[in-house]
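According to TrEMBL, the record shows the following:
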type	residues	note
SIGNAL	1-20	signal peptide
DOMAIN	15-461	domain 'Major facilitator superfamily (MFS) profile'
TRANSMEM	54-76	transmembrane segment
TRANSMEM	85-104	transmembrane segment
TRANSMEM	110-131	transmembrane segment
TRANSMEM	143-161	transmembrane segment
TRANSMEM	173-195	transmembrane segment
TRANSMEM	269-291	transmembrane segment
TRANSMEM	306-325	transmembrane segment
TRANSMEM	337-358	transmembrane segment
TRANSMEM	370-395	transmembrane segment
TRANSMEM	438-457	transmembrane segment
REGION	694-720	region 'Disordered'
Amino acid sequence: MPYFGLKGGWLTFWVTVACATEMTLFGYDQGVFSGVIVTDDFLVTLDLVGNTDLISTITAVYTVGSFFGSVAALLFGQTLGRKRTLLAGTLAMTVGAIMQTAAYNVPVMIVGRVIAGIGNGMSTATAPVWQSETAKATWRGKLVIIELIMCIVGFSLVQWLNFGLSFVGGSVAWRFPLAFQLVFIIILFCTVPWLPESPRWLISKGRMEEAKQILADLEALDIADPYISEQYHEIQRAVQYEVENKVTFRGLLRGRTTEQRGTATLRRLLLGIGSLVMKELTGINVLSYYLPTVLISSVGLSNTTARLLTACNSISYLLASLVAIPQIERWGRRKLLIYGAAGQGLCYLIITVCVRFNELSSYPNQTAMAKASIAFFFLFYVFFGIGWQGVPWLYPTEINSLSMRTRGTALSTAIDWAFNYMVVQITPIGIERLHWKFYIIWTVFNFCSIVVVYLFYPETADRSLEDMDRFFRENHDVFVFRHKNGISTIRPEEVGIRARDVRAVVQEQHPETVFTRRDIYNARASINCDKLGGYTPTAALIKLFDENKIPYLVKWADNNSNRLVGLVWTFPYCLQMWKRFPEVISFDNTYNTNRFKLPLFQATGQTCLGSVYNAAFGLIDNEKREGFQFLSESIRQLAEQHLVRQPGVIITDFDDAMKAALNDQFPEAQQQLCIHHIISNVLLKAKQKWVTDREPDSSGSSVDDCDGESASVQTHSKLSPKDRRFIHQPVAEDIPHSYHGVLMMWKHVMFAETEEAHEKAWCDLCREFDDQRAILRYLHGTYMPVRAQWARCFIRKYRNFGIRVTSGTEASNNNVKSYLLNGMSNLHRLVEAIQDMIRDQERDFAHASAEDEVLTARGHIGSSSEYLGNIG
């Protein structure tokens, strides 16, 4: 029986135990060396007496290892999975802990610290993600905060352990604290292997049934329960979105993203990184790693007193951190950060003054200054625990867009470790050489943080990821303090909350209340009906079209005059762009945009600047000939009513019903197939049909069979990340005898400039892959009969507009979804979201046109346009 029969809350409890143990170990490691480096036996054994530079290096190399561990998690974590990454990190910490404990010289100690740091970096970057992906939605925030509290528990534990062992003396005083790390490591090895993997990671790897079963076990429900199906499909949609909208770091630096929706991906990434950078520049690790040293060197305390006060301080630090748990949503992130930085800056300012006078031998009240500085060291930890301990770790996960969340958080963590290293490396040297002036640095940084947070950091309390997308899409001003929604802790009114989330929260706070999700749905429907003036969403939509004179055509069911079966509409701005750039129109559809399960079709064109514009939108109740017939006929009627010229080229995916309907309405337009769709399908089919030497092809030699095509989104999701990258790679000179080689030679067939070169490329492909008859039959039967719609040599005979893919329409489909609050909305809300998108589209084109007056000066494209090829 998996998980020893545990399910539901108990299974989540043990995942929390494992993650909390990891974070406790993290806190323990943060504080253990502060006591080790002031132990006489340690300094003598490693010959470090008076060698401040080398002591700081030994201390700081741990953070170097942590940096590379975080980078390793960023690069390999998605491949290994959450559990294996965590176990790999734990194994590295085991080796590092043993080497540090047994060290008798500096090289062994440094290597041990680096290896332990690598393990720590991998584990701390993975544990919170694993926790959040296996916890119930209503528990996630609390469990992540608990993990951060456990980090402080580990820090406090090691301070008291260091203090107690200081009375023992000898090597035990520093070897035992280093060896005690193995206690946490043993707990991790005893718990992590038998706990469930992240269902989100499993879905991303195509292990669907295993993911579904784990979701059911975590919720203690049957795998067929509707709630499990809903969760499963939500995660599946999110994973698919990340695959389709993956943003590369190189693209970000060049100002490009694949999201194409104005949600400021780079700006949000920098804000997440900045929160952790500012945390390091508060000066917390000046004290976390070196507080005993600070108290001995700057304040003049004895070794024993410094250790005792460090241990006592860890208790007040822990208690202060507990204050943030119930207040983090009520006060908000901004207030905690601003007031925390103000308090920390004031503390360091007073510490600077006190240490300055304490260092003056002629000052009569040195003792009073020393006591005052100690009090403000303690008070600094109080402000930090309340404001800056947890929020900077939460902020990158809350501020980054969905397509950047995982990598953005990992990158933020890696950069945090880099700044951690800088602080830890310079602190002993700064104290020794700058004395009281060293604390001025942290005073300035804390006060600067107040300004930075106030000006640039939006509030994320009680916001969903969709809320943040909307904020950044609607507010391009980097100075967020000017926008009420950017600084308020109250969630915008128009943002909805899922019924199951409402029910979970209410039942948690009022367990005696009995109601179902259906009760909430009914209440919400009543409220929405009131908001729409008593109309149904569909009726309200038609009323909106009529009142705003939006062109539309509608079709109702023959047997039910209230059931919508087809709707096509456009907007004034869409018509304006359609008239201006009518040459090429591409069609594509998307799902999960409305609760009526009507696929949304979009007709898009391309401007002279290369940007995509929307020409028209359509909803149909089926993807059969009659549905496509209504769609294409309505689009033709809208074009004729508003004097839009007929398109020269229509680009679609491989759907015979859609192509036939469009051909009926636009007989003069040349039909073309999306070449990206063809390439993706060819690679997928070649991979599926590839026959090795051990698997002889017994399917015959005929080349007349033909296989059905997959939808473009389905095809893309079935390909591995490596295959998806290969699609866009240029053709190499050396063709491998593999399914990748099939695609490389097929590209020669597709992009041949002449018919002779086209025929030769096809013959070469057949000759090279004569042993792969199933693949050749598929290519010959599926694509060669319609090669006039995709081969370059035939396309050039008609019209060549330089546009041969439907990717612009697919991007527009994703764009629409980004404007919706959730995956499924009513039709009225869907059209409102599309209007928002069109407004942004109009603004962006106007801005781009202002920068390129030559290309946009013409009112229409004439027959001599550079976009027309040989017409014949």
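Glycine residues also receive a Cβ, built from the backbone N, Cα and C atoms like all the rest.
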Using a Cβ distance cut-off of under 8 Å, indicate which of 54-76, 173-195, 269-291 has the most pairs with the transmembrane segment (370-395).
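It is 269-291, which has the most Cβ pairs under 8 Å.
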Are the transmembrane segment (337-358) and the transmembrane segment (269-291) close enough that 3 or more Cβ pairs fall under 8 Å, when only pairs 6 or more apart in sequence count?
yes
Answer with yes or no whether the transmembrane segment (438-457) touches the transmembrane segment (337-358) by the criterion of at least three Cβ pairs under 8 A, sequence separation 6 or more.
yes
Which listed range (54-76, 85-104, 110-131, 143-161, 306-325) shows the maximal number of Cβ pairs under 8 Å with respect to the transmembrane segment (173-195)?
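Selected stretch: 85-104, with the most Cβ pairs under 8 Å.
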Check the domain 'Major facilitator superfamily (MFS) profile' (15-461) for me and report the mean pLDDT.
84
